[in-house]
Amino acid sequence: MIWHVQNENFILDSTRIFMKAFHLLLFDGSLIFPECILIFGLILLLMIDSTSDQKDIPWLYFISSTSLVMSITALLFRWREEPMISFSGNFQTNNFNEIFQFLILLCSTLCIPLSVEYIECTEMAITEFLLFVLTATLGGMFLCGANDLITIFVAPECFSLCSYLLSGYTKKDVRSNEATMKYLLMGGASSSILVHGFSWLYGSSGGEIELQEIVNGLINTQMYNSPGISIALIFITVGIGFKLSPAPSHQWTPDVYEGSPTPVVAFLSVTSKVAASASATRIFDIPFYFSSNEWHLLLEILAILSMILGNLIAITQTSMKRMLAYSSIGQIGYVIIGIIVGDSNDGYASMITYMLFYISMNLGTFACIVLFGLRTGTDNIRDYAGLYTKDPFLALSLALCLLSLGGLPPLAGFFGKLYLFWCGWQAGLYFLVLIGLLTSVVSIYYYLKIIKLLMIGRNQEITPHVRNYRRSPFRSNNSIELSMIVCVIASTIPGISMNPIIAIAQDTLF
């Protein structure tokens, strides 16, 4: 009799849980329609991989790219809709979150054609690679819309686990295995630090997990200026710092950049920063609203260290990917200026604008590196000497992307930095802006040093790698060149038409 009653209770509880889940999916599912498209693409890839003996490779790329483009389209159709909170407060939809989701989808859409020839040359498993990229994209999108501590922790873990697997995708490469191990160990440590900070925030607010409810809880418990909040701030800053990779949380970045497959590095170099920036703005601005002076000071220190160390150490590098790793550390210092300025003085608008340009500049540079690496088998900066004599198009594309990264006019990078520094100056961050200007000049030096190597025309200085340079026989090299052309155009043309881009960025609601 007791067993019968317990069994009935179990069935009733299971039915209630199922009905609640169905209700959430039915009424809130439309708010995550772009994410649902990616999930459908993932399921389709798995079905094709498990049912087909001979994998139709073009179809796999087509399904992945189409799901990303359709997800972008769904986001654009939803633009300007009223902000909504769904899934019992776990997820928030507004223009601010959606523009970061758009940037992540844009990165992934450009990275897939960039990876085609590399995967064919290295004979890596194609389906798993695409699954990891789409799953990481999905995790990044959920992180952008996360509205509670649990989702903010689980979503980046979804992204991070796929990142670890992608960085170690070339299993026979010793450098790749070493990079993966460092990435995994430091990522696990940073996640534990982050969740420890969340526990302090959870306890201080009286057991709240939603971001806005945490603020209300801190007011009710009178804990908004307590030492516990300062401890939470320090731990959370360290945890998020690993994802953004500013100095001194940058130790993993050069090794992962150098050891991982180049298309993977291109993907991680932009998507991780976009997703982490979206999360950082919400965490610092909402739960730590009463500690703005403290987190401003912490971020200013990180920005200064990143801009100085990143650009100075980049000068000494001999590997192109390690140089870009330290360059990215310097670039995140500029982005942090926008986070500090905040919603006032167009800080977030300038950060979003600069990140859009940074995506095109960085991916364009990596597309050139992928092509050069496949045709020569080297990553050494000195081996680029004389590339202009063999492949003027590739050399000019790389030069334009590097000049845009350095911030030379009239390229997009110049206008992005100008807008970002102007907003910082208007907010009174004079010292940060001056450091940013000086380190930008330093970055121009090492970018110009590479461009000078590219344009060498004397035979005695041309390296054997360039002398024996051959175009790839693979049919898919057009896909890399397509990504490269799109990124090069986006790195140059938007600088002339900044106003529409700034207007869209300013239209985001936080």
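A Cβ is built for glycine as well, from the same backbone N, Cα and C atoms used for every other residue.
These numbers come from a predicted model, not from an experiment.
If you check Swiss-Prot, you get these features:
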{"type": "TRANSMEM", "residues": "57-77", "note": "transmembrane segment"}
{"type": "TRANSMEM", "residues": "99-119", "note": "transmembrane segment"}
{"type": "TRANSMEM", "residues": "124-144", "note": "transmembrane segment"}
{"type": "TRANSMEM", "residues": "149-169", "note": "transmembrane segment"}
{"type": "TRANSMEM", "residues": "183-203", "note": "transmembrane segment"}
{"type": "TRANSMEM", "residues": "227-247", "note": "transmembrane segment"}
{"type": "TRANSMEM", "residues": "295-315", "note": "transmembrane segment"}
{"type": "TRANSMEM", "residues": "323-343", "note": "transmembrane segment"}
{"type": "TRANSMEM", "residues": "354-374", "note": "transmembrane segment"}
{"type": "TRANSMEM", "residues": "395-415", "note": "transmembrane segment"}
{"type": "TRANSMEM", "residues": "418-438", "note": "transmembrane segment"}
{"type": "TRANSMEM", "residues": "484-504", "note": "transmembrane segment"}
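Where the transmembrane segment (395-415) meets the stretches 57-77, 124-144, 227-247, 484-504, the count of C-beta pairs under 8 angstroms peaks at 484-504. Counted over residue pairs 6 or more apart, the CB atoms of the transmembrane segment (484-504) and the transmembrane segment (354-374) come under 8 Å in at least three pairs, which marks the two as touching.
Here the transmembrane segment (323-343) touches the transmembrane segment (418-438). Their Cβ atoms form 3 or more pairs under 8 Å, with each pair 6 or more residues apart. Residues 33-35, 37-38, 40-42, 44-45, 48-49, 98, 101-102, 105-106, 108-109, 112-113, 116, 120, 126-127, 130, 133-134, 137 of the same chain sit 6 or more residues outside the transmembrane segment (57-77) yet have a Cβ under 8 Å from a Cβ within it.
Segment contact is absent for the transmembrane segment (295-315) and the transmembrane segment (99-119), given fewer than three CB pairs below 8 angstroms at sequence separation of 6 or more. Of the candidate ranges 99-119, 183-203, 354-374, 183-203 has the most C-beta pairs within less than 8 angstroms of the transmembrane segment (149-169). Long-range contacts of the transmembrane segment (354-374) within the same chain, counting only residues at least 6 positions beyond its ends with a Cβ under 8 Å from a Cβ of the stretch, are 103, 106-107, 110-111, 114, 117-118, 121, 262-263, 265-266, 269-270, 273-274, 277, 320-321, 324, 328, 331, 334-335, 338, 384, 387, 394, 397-398, 400-402, 404-405, 412-413, 415-417, 419-420, 472, 477, 480-481, 483-484, 486-488, 490-491, 494, 501, 505.
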